[in-house]
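These features come from Swiss-Prot:
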- Met1: N-acetylmethionine (MOD_RES)
- Cys496-Cys535: disulfide bond (DISULFID)
Amino acid sequence: MISVTDIRRAFLDNECHTITKAFGYLHEDKAIALIKIGFHPTYLPKVLYNNVVEFVPEKLYLFKPRTVAPLDLISTITKLKNVDKFASHINYHKNSILITGDKSLIVKCMPYMIISDDDIRFIREQFVGTNSIEYILSFINKESIYRMSYQFSENEIVTIINRDHFMYEPIYEHQVLDSDFLKTMLDKYGIVPINSGIIDELYPEAIIEILMAVVRPRDAIRFLDIVNKNQLTEDSVKNYIINDIRRGKIDYYIPYVEDFLEDRTEDLGIYANIFFEDAIDITKLDITKTELEHISKYINYYTTYIDHIVNIILQNNYIDILASIIDYVQDVLTEELCIRIVCESTNPVPVTSLPIHSTLVMVMCIQMKYVDIVEFLDEIDIDTLIEKGADPITEYTFTTRWYNKHNDLITLYIKKYGFCPMMMKRLMFEYPLTKEASDHLLKTMDENRGAIMFFPRTICTLPYLLCCNYKLIQKPIPFKEENRNIVYKKTNRVLCFDLLENSAFKSLIKIDSIPGLKTYNMKDITYEKSNNIICVRFIPQESIHNEERRIKLQLFDIARLASYGLYYIPSRYLSSWTPVVNMIEGREYTNPQKIECLVILDLFSEEFIEYQNLGNAVSNKYELEYTISNYQAAINCLMSTLLIYLVLGSIRSISKTENFVLSILNIFYKGLKINELLSEPVSGVCIELDKIKDRASSGDSSFIFLKKNELSKTLSLCEKVCVETILDNNQSFKSSK
């Protein structure tokens, strides 16, 4: 349980109405300790500024922009890849950043700064060269474009749009563009020429051709706004738009129809009532299912005929359509119809829209995995919800007032997330708890210290272990002395590094000293330094021609290096997958969407990061919003690596999948020096891996996309292995003291 004793004391002693207010009364040391673990309000008092700068500078965004010193800001954001949370601070200190920052820092900050014409002139003077200014300007934001008079070149426009397609909108509003350029952008990028530069090129056929390319209602409306009215009254244009409306593109043409098609209501058919009040008696029409689907989005225009529409829906068993207009048909909904809507409709309906909140309806909602089950609390007690297997604690619940209505819901939340700084921060500092609800929350947490509320199931889960004060302890590396009396051959390898402080060089030195490696064994290594360049010469490990054996031995090396504090970041396979972040934020996670490479590649020293630098390295590599701990980053590395070697290894393996999986796990444990044996079957994992193998072998792609939850059993296995790794590591080092 997160310790809230000091916060509770401050809350009671100072008669605070919010937990945020109580946090401001904490002693600085106590406050900083909580801030370090990510447990803090959405803003901080100025009194904590110096301590935050010294101990957790990445949290400077919690102060008002004017409180943050420019140099402190620049020093902090220079080290971070993801600076989204500093957006207002970056714009506030724009001038200091432009004057002080180098090109890479300015590029990083451009999306957040409101750039003026004077700023562009300054950037041109600072960074001479067309390519430099074009590259920097490609990161400009739309707010800047709306405020400047600077005219972008066609090359600059293309560069900006290549980076962010939707920047065409402010650019096209900003300046008149050549018609040939506009046509090219339409053909190449599908960008509608909503610009006065195209007006002279428009005629009915061209207007229709452009409308055929439109994919956003807003673009259709804005394009028709610039067209000459005489051309909009042409019959060919009217006929095309009427047919487009009948195809379902209703919201593309609402302003146009009201201005130009009042005399064509008969041609609009059932859709006429959307634009003109009760223009058509729809009871005289033969209404198709497609038409019902289209008008259901605009059912408020058909209230006169709602009974007629409902009769057609029920006669034809169109449950999906009934669900889409549920708020307009409350009187006809029985318990049976509510259950059918829940079970048969493609999209979930809001529980608040179900007029009957019976236990049976609730059970159906639970089975269909509804996220707003909490709304049944208006009729059903929380114990019944839990007994039936409901989880009323979801993202949706934060959008309601239920936490202030039910103290039992807060208690349930604490049982689920009381160990998790991120999730408790959301409820305590970001949700508008009443004073009474805040008091109950603090009292419950303070009176249930330790892990008493999390026994027996939660304490052995990976999310719990990631949020608790664990760490991975490494074995000391037995450094060996350099041997200089070596005669080299031409086949020897040479690696050069630009600095002695180079992290890849440091990793290489440590790797060379770790005993027992199978594939990353560099023989007879020597170093030569010259002009700040250091060259490493060594005899490479002999190639292993058996692919399956090479993969297994390579995984052994990765695990063995991890046991000595050198962790492999598999970002060339998984470019954006960080399951640990989801877990510490209390969110569900699924398998990666894509594996970038289907071949297990050779290892390089720069891919291994020392444990003490791992949190920063992983956070920057994946551009996370905040820096995770070294311990959390290590688990992310181990879990990602194990997943990759299971998936890609099984694709390359010629062994029976079950034997391969068990062998991989055994090797992984052996490399980490963990005495564990898997006690559960892996048949479900094998089925998943075999399906991936079949799919990969039937194509010739160098990468593979994964469906959601396609590797759920495999991920569960990886989680369990990580849990065993954490528990074994901490227990082993405790017992060895």
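Any Cβ shown, glycine's included, is placed from N, Cα and C.
Take the recorded positions Met1, Cys535: by the count of other Cβ atoms within 10 Å of each Cβ, the lowest one is Cys535. Between Cys535 (disulfide bond) and the residue listed as 'N-acetylmethionine', the C-alpha separation comes to 51 Å. DSSP assigns Cys535 (disulfide bond) to a strand in the three-state reduction.
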